[in-house]
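Step one of this worksheet: look at the structure below.
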Amino acid sequence: MSFFRYNKFIYLTQFRCKTVKFKPKIAKTKPLKTPSALALDHFDFYYGPLFGKKWPSIRLGLLSPNRYLAVMNTMSRDWEPHDEILADMGAKDLLASIRGKTEDDIIEAKRQLVEMKADEETKKVKNEIAVGRIDEKIIQCLCCLQNPSTSSERNFSLDEEQEAIFRSAAGLSEFRASPGELSSGSLQMSRGGIKNNKDVEITGFEGEGVRIPKREHFLYYPKDLRVRAFKRGVLLDFPAPMKDQVGVPSYWLLDGGSLLPVLALGLQKDDSLLDMCAAPGGKSLLAALSNLPSKIVCNDFKLARLGQLKRALMTYVPEESEAVDKFVLKRKDASDVKSWDEFEAYDKVLADVPCSTDRLSVNTDDGNIFSTSSTQQRLDLPLLQTKILVNAIRSVKVGGSVVYSTCTLSPSQNEAVVENAVAVVKNDFGIEIVEESLHQLVSHMTASGLYRFHDTPLGALVVPFLPSNFGPMYICKLTRLQ
């Protein structure tokens, strides 16, 4: 309250102080939806028609917490008593329950029967390939025999035209610089060394109309791999992993879908394994616990992911363990087709590629690939995945197998990538591929009651559902014929 004098009169004036409220102004360019909400809208639009009546169940599974398996770390000193504790809680040995009490000779008889069928199908595929090539040569020869004069005149005219263009100024614009020098070592690195070092342009439409032959396949489940799982519908959670005297955990938790790519590899004794995108290291550790590979090469390009991989190996692999010598860490760009130099070097290759990670996308906003700043990165995913799979196929030996896997439901990142990669390696590198049937793995996992699959043209797709919420996980197994 203040006083002031005006014309000899005293007036009283009361001032009322108001608090100023600042309201944040939202720019028109700021998204009104979070990245996770955008991802859910995207999935509703594309996956709804794709999965039909199954989509509401899958959608609810994606939005609910996923379930885990307990992978027993047999390299830990105290894994056995801790394994008994989990068994007392009601967690069953998943692979042992699948194998049952079947004797080894019965399993061997089944394997021989399946492999006989696979050999017959392989011969048919090779005959089709040979007949196709012979037909092309016969057609060319017949054309030359029917019109010998015209063919020679055509060749002569083309030679003259090319020479004229070369001599003209237009010919200078067609000049292509040499890609570089080739040493004798690079030529002998693998068959067709020059072809292996060329850059390949991938458009994403190479797989249209491509037919990938498929054959029966038998899988051995590693006997030394111990995986515990609660029965379907059980809502119990695994306790925190316990450690032994030297601090090595006796088990770790893994999404149930992540087990299938390692089982699909069909690892055998003394196999050499390449994990193209190894971080954070769960699948490489699974392969090591099977006690089958003699060498496990873990590759990743980003230094942060390599550090994460190294910490995982140091945590779960004791220093005195023989498995330490199996691991080899490499830092190479698995998506660079031109500079990739691992040719026909491994018995098995795992390509667990970067993807849209559907479950993470609908539950987390930090680092979400559906954010507006990551739109181009998300659109480039199929191209990146195709390049990684192409290099994976080039890295495997003839007769060896590649397992391609993602944690997305998107066909454009699953079947389409496989079709494109198979077409690229056939057209640009002369590599023939056959798909291995995963019917055995799908039927066994479905019978366990813990997994639900959706039919796909290629490979197998694990879809989430509430009673046992694993996945999503897509897997496809390819074998190199030549």
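All residue numbers here begin at 1 and follow the chain in the order shown.
The backbone N, Cα and C atoms fix where each Cβ goes, glycine too.
As the structure is a computational prediction, the values presented were derived from the model and not from experiment.
Record features, source TrEMBL:
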- 177-481: domain 'SAM-dependent MTase RsmB/NOP-type' (DOMAIN)
- Cys277, Ala278, Ala279, Pro280, Gly281, Gly282, Lys283, Asp300, Asp333, Asp352: S-adenosyl-L-methionine binding site (BINDING)
- Cys407: active site, nucleophile (ACT_SITE)
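Its own atom aside, the Cβ of Cys277 (S-adenosyl-L-methionine binding site) has 23 Cβ atoms within 10 angstroms in the protein chains shown. Fewest other C-beta atoms within 10 angstroms, among the recorded positions Ala279, Gly281, Lys283, Asp333, Cys407, are seen around Asp333. Cα-Cα distance from Gly281 (S-adenosyl-L-methionine binding site) to Cys407 (active site, nucleophile): 15 Å (rounded to the nearest whole number). Looking at Lys283 (S-adenosyl-L-methionine binding site) and Cys407 (active site, nucleophile), their Cα atoms lie 13 Å from each other.
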